[in-house]
């Protein structure tokens, strides 16, 4: 029986690592990128390029522009500054887009239903993240149950990075011999700068700290990754 997965794909470090990891595990991997009026259109262009370069079966860009009207965030509004690493903390940073993962995972699951995919993959992570509530394991499990009930369809929301720290996420890219591609060709920066980014926003800070931690202790981090994910 053909195994098919759908990936919520932004062209950033996490979703690209998920794509790299999924490709040898599934017969078909479909990438879904959402155009929600995000601050930097380069995100969509990067996702299109990487999905083709890495060999995804299908890549679709879906219009989710309604989210831009409803969700006010520094990632959807040019007049709201992206916070720096040293910004004093609110309970949620201004980069949080309320409802984004709810909407994206729901739409990806509807697409999965149509193509008879059994898995929807997302790169959310509870270990190293910016405090977003929709990156938590309990949220994903609750939404998974709701989607199965609402569509009467057996579906798994898979989160391969959920319990990895950023160093281990870098190790996973290296495990698949794609460390340099992820390092140089993905777009994680909230200010829209490719690769290492601006070095000033929270996304770049997490990414750089994780990479440094991995490069300083590759063997130990790789062993930890293999233990967590059951890799050989």
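Numbers here mean position along the shown chain, with the first residue as 1.
Just so you know, glycine gets a Cβ as well, placed from its N, Cα and C.
If you look up Swiss-Prot, you'll see 9, 10, 11, 12, 13, 14, 15, 16, 17, 18, 19 marked as ATP binding site, on the strength of sequence analysis. Residue 11 (ATP binding site) falls within neither a helix nor a strand when secondary structure is assigned with DSSP, and so counts as coil. Within the same chain, the residues at least 6 positions away from residue 11 (ATP binding site) whose Cβ sits under 8 Å from its Cβ are 33, 43, 44, 45, 46, 47, 48, 49, 50, 186, 187, listed in sequence order.
Residue 198 (Zn(2+) binding site) counts 15 other C-beta atoms within 10 Å of its own C-beta, drawing on all protein chains shown. Here Swiss-Prot flags 189, 198, 201, 204 as Zn(2+) binding site, drawing on sequence analysis.
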Key: Rounded Cα separation (Å) that holds between residue 19 (ATP binding site) and residue 204 (Zn(2+) binding site)   = 20
Task = Taking Cα atoms as reference points, rank the binding-site residues 9, 13, 15, 17 by distance from residue 189 (Zn(2+) binding site) and give the first.
result = 13
Ask   = Could you tell me the C-alpha distance between residue 198 (Zn(2+) binding site) and residue 17 (ATP binding site) in angstrom, no decimals?
value = 21
Message = On a C-alpha basis, identify the one among 9, 13, 15, 17 that is nearest to residue 204 (Zn(2+) binding site); the candidates are the binding-site residues.
response = 13
